[in-house]
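Pulled from Swiss-Prot:
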- HIS79, HIS238, ASP242: Zn(2+) binding site (BINDING)
- HIS265: active site, proton donor (ACT_SITE)
Amino acid sequence: MIKQRTLKRIVQATGVGLHTGKKVTLTLRPAPANTGVIYRRTDLNPPVDFPADAKSVRDTMLCTCLVNEHDVRISTVEHLNAALAGLGIDNIVIEVDAPEIPIMDGSAAPFVYLLLDAGIEELNSAKKFVRIKETVRVEDGDKWAEFRPYNGFTLDFTIDFNHPAIDSSTQRYAMNFSADAFMRQISRARTFGFMRDIEYLQSRGLCLGGSFDCAIVVDDYRVLNEDGLRFEDEFVRHKMLDAIGDLFMCGHNIIGAFTAYKSGHALNNKLLQAVLAKQEAWEYVTFQDDAELPLAFKAPSTVLA
């Protein structure tokens, strides 16, 4: 059978919190089968757990956070969640000694590196996928996102930013998902923001960790980072990274075709909730062997080495 995945060993890293600008220690721990993805704040006494769940997601101006029934939150989970989706990690406990996951370089690549460093282990339980059975679409003005049935996982994302630094030819990106494709084409794409927004937020004591080290920063005319872009179309690739993380908030890789126009965290989450709320639109599936498994989810040699 196709088995659930966790980590082989505990790994730790430090980074800076986007909101506070303070040092954050991140610890990734293996977890038994059927645990799911658990985010944990150890700065609270007793520690508070936040299971990844589409209904717990709140989108703020700066990030995605998970909120529990007592209105306690853990922030900036989206890029780590994308790395978990990319490598198909089903069970993990993610601990931080702060209210937020460190921003690292603004992409998912440092988290991918950390997960690969921990090593990935298969557990003796069947991996559950969410398979899309009916088309589901959500809209917000001219923005929209939809899932259609498809035996694999494809993503097709279009942005519409009217900015001199973002060429019109680089506003759409489509890919057949796989762990290899995610690592090579998506994981290194960084988040982006306007210099004026960062300066305004910092003047109000917010976004204190925001810098050229953790984002693509633009003014009204150009990219301000000395090293420029990692990809010509890094902006839309990062929006796809965000979507991969947002859609993994159900704790399972999804089998279906995702298409979006000008979508963001809130609309991605609205789509995921709309799918899960419509019983006939999806089902859980497991696979007995590699031959049945959609190509998108075959483990690359780098993951299960």
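Positions of Cβ are set from backbone N, Cα and C atoms, glycine also.
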Remaining residues near the recorded Zn(2+) site, that is with C-beta within 8 Å of the centroid of the site residues HIS79, HIS238, ASP242: GLU78, ALA82, GLY106, SER107, ALA108, ALA189, ARG190, THR191, LYS239, MET240, LEU241, GLY245
Alpha-carbon distance [HIS265 (active site, proton donor); HIS79 (Zn(2+) binding site)] in Å: 12
Under 8 Å by Cβ from HIS238 (Zn(2+) binding site), same chain, sequence gap 6 or more: SER107, ALA189, ARG190, THR191, PHE192, ILE216
Of HIS79, ASP242, HIS265 (the recorded positions), the residue whose Cβ has the fewest other Cβ atoms within 10 Å: HIS265
Between ASP242 (Zn(2+) binding site) and HIS265 (active site, proton donor), the C-alpha gap once rounded to whole angstrom: 7
